[in-house]
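Working notes, structure below.
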Amino acid sequence: MSNENDDLSPQRRAPRLNERILSSISRRSVAAHPWHDLEIGPEAPSVFNVVIEISKGSKVKYELDKKTGLIKVDRILYSSVVYPQNYGFIPRTLCEDNDPMDVLVLMQEPVLPGCFLRARAIGLMPMIDQGEKDDKIIAVCADDPEYRHYTDIKQLPPHRLAEIRRFFEDYKKNENKDVAVDDFLPPNSAVNAIQYSMDLYAEYILHSLRK
């Protein structure tokens, strides 16, 4: 007959913890942050990495939680519109609103939030959101055979541009928030805006290191 204390035998092995669990417990390592740890790419500012926050066709407004690096649910859109294309940000960039540079990426399929891809800038959409500058880079997926040949926003069908403009003009109307979209600008304006945001980010890092 077995002894009730057999289960408490000192010879019984404890479950093994892998290195990831151990490092998390000891807090000796930190998970990669998509804004700061992912490189922008060797061809930037023309071709660059984009971290997708919101999938094409989604009504959920996801966004980067800057403290944790995770993608969080910000809100559900108040109107019936959905995001016309995949939407995200360029790592290692910084804009005047203290956020990374926003990008709308045209491609065939929706991409899961948190994934990253290579994109090419084809234009810039100047935008004012509630009185503050909030420009968007318009880009195409550099590895999508249907879109990678586009190099200028003027090459897009007029309906596609109207769709993008109307989405951003309307998506906050039911929240009583004003958004104004100006005329689309050419690729060089987008490239210059990205380079400026890269320079701002570099200054931010240098300032942080001096503290």
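Cβ from N, Cα, C; glycine included.
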Among Asp65, Asp134, which residue shares the Mg(2+) 1 site with Asp97, Asp102 according to Swiss-Prot?
Asp134
Pairwise Cα distance for Arg75 (substrate binding site)/Tyr83 (active site, proton donor) [Å, integer]:
13
Where does Asp102 (Mg(2+) 1 binding site) sit in the DSSP three-state scheme?
strand
What whole-number Å value do you get for the CA-CA distance of Asp97 (Mg(2+) 1 binding site) and Tyr83 (active site, proton donor)?
22
Cβ-Cβ under 8 Å from Asp134 (Mg(2+) 1 binding site), same chain, 6 or more residues apart: which ones?
Asp97, Asp102, Met127, Ile128
